[in-house]
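**Q** Pasting a structure below so you can have a look.
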């Protein structure tokens, strides 16, 4: 039989509130509302379907502090990750949020009311403490800490929710199971022992061998339960991954495995995340859970060291084994033995026997460059699927981001580069300049700082979408602050998929030359006080950090600069 839910009762709020649905839906039309972020949407779905049992809403201050300090809710129940609804001071004032308020929570994709929260408290958390306690350090190299710093608002709202309807999904609907549905599936098939496997990456032969071995040793079945909510920035998109999972399921012994998708927003919190993942899989009915080396680790910190030790996650899950009531299966690192054409755990391979491995970094390199991926590492169907989403390097999009002072020559360089790339052919070339696109996307020296920031975000989004489609994008907005340039780069790297190839070029032409050759009179008008916000006059042009190329029109002519950019792209095999 399926494992008991965490806390003893599956909190399926959708089923519980079904008789009230029409009344709740009508009430939602009369209430102030919050449009959820993507992470909040993932959290709400798992609150409502019981995946986060015993939670029935977003954490109150007492629950939040208990989780941050002791991995426990206020009632003492083990729960390692804060599940919070963040709002701004402006939101609180605009919506009159206070204890007792009822607020509709809306899907950001279609504006549908999904639930109503009854506010119990509004509190201001110590987010630095949250970063240190939950993620191990207040280090922006950790993706969840960067998210906490840059995207999470300063107040949290706690309270239970009533479910109106679950979010509507249009992709892989047949593979999306609630905890109750998956439990019913296990019962129907008489699966008494279920080994759950967590992944946010494509699966290959080693993963198949690992999970089959774990199931056979325990006379169990396998639940492949990949995350399709928010994962680590730069991960393979979930559409590609699910096609990979579907291909690899055909390689399991008949009747052994089942694939179901989990709409979880990962935090990459290492040991705490492993405990959280175990609780979630327990709620979905699994009896065993595979915990890997550096489970849910985010990689290196700002000092170049791993955030967590390789076995910290396994140690913390074992510490709470009695309360979790789900058996941990330690991840065994598998390696390929060419002499016998099989995979074996690394620690069981005799000394002197040849082994072969391909790291994740090496795999990504081979996908980018088109280098062969051997069949001992992965299956043909898996490689074919990955290659469809990761075309050869010369077919991938890219973004050349030119930044410099007004009059530095960056626009002229951009236009000349567009001509050169058009001449070479092979892909479409898009030029995004303030003078050639809609004025509301880039309005230098007239927009407020907030408007200018939004304009840059829009430009970055457009550039990422074009690069994702395989275009060469030349981007040259007025971006004089390093934070704005970093935000543009982050958007390109994280949203352009295989087109996330970013090249920063600093056009470092001196201010004196820019001002002397300013035919539009921008600098003269700024010095007379007629316009404000002109970098070099009343705004600092912040130093450009780590550009791939630095050029200067007082030292090189335009054809030489364009040629240097082309050589940079050729070095990266993009031309």
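Glycine is no exception: its Cβ is also placed from the backbone N, Cα and C atoms.
These numbers come from a predicted model, not from an experiment.
Found this in TrEMBL, in case it helps:
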ACT_SITE  199  active site
ACT_SITE  200  active site
ACT_SITE  201  active site
BINDING   198, 200, 296  sulfate binding site
REGION    396-575  region 'Required for oligomerization'
SITE      204  site 'Transition state stabilizer'
SITE      207  site 'Transition state stabilizer'
**Q** Find the longest CA to CA distance in the recorded sulfate-binding set 198, 200, 296; express it in Å as a whole number.
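**A** Farthest-apart Cα atoms in 198, 200, 296 are separated by 9 Å.
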**Q** Report the member of 198, 199 (the recorded positions) whose C-beta atom has the most other C-beta atoms within 10 angstroms.
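**A** Its Cβ has the most other Cβ atoms within 10 Å: 198.
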**Q** Count the Cβ atoms, other than its own, that fall within 10 Å of the Cβ of residue 200 (active site), considering every protein chain shown.
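**A** By my count, 20.
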**Q** Given the recorded sulfate site (198, 200, 296), which additional residues of the same chain have their Cβ within 8 Å of the Cβ centre, ordered by sequence?
**A** 199, 227, 231, 266, 273, 277, 295
**Q** May I ask which residues of the same chain, at least 6 positions away in sequence, place their Cβ under 8 angstroms from the Cβ of residue 296 (sulfate binding site)?
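**A** Long-range Cβ contacts: 198, 266, 267, 268, 269, 270, 273, 274, 277, 313.
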**Q** When you measure from the Cβ of residue 204 (site 'Transition state stabilizer'), which residues in the chain that are at least 6 apart have a Cβ under 8 Å away?
**A** 248, 377, 378, 379, 382
**Q** Measure from the CA atom of residue 207 (site 'Transition state stabilizer') to the CA atom of residue 201 (active site) and give the result in Å, rounded to a whole number.
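**A** It is 10 Å, counting Cα to Cα.
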**Q** Sort out the sequence-distant neighbours of residue 207 (site 'Transition state stabilizer') for me: same chain, 6+ apart, CB within less than 8 Å of its CB, listed by position.
**A** 197, 199, 248
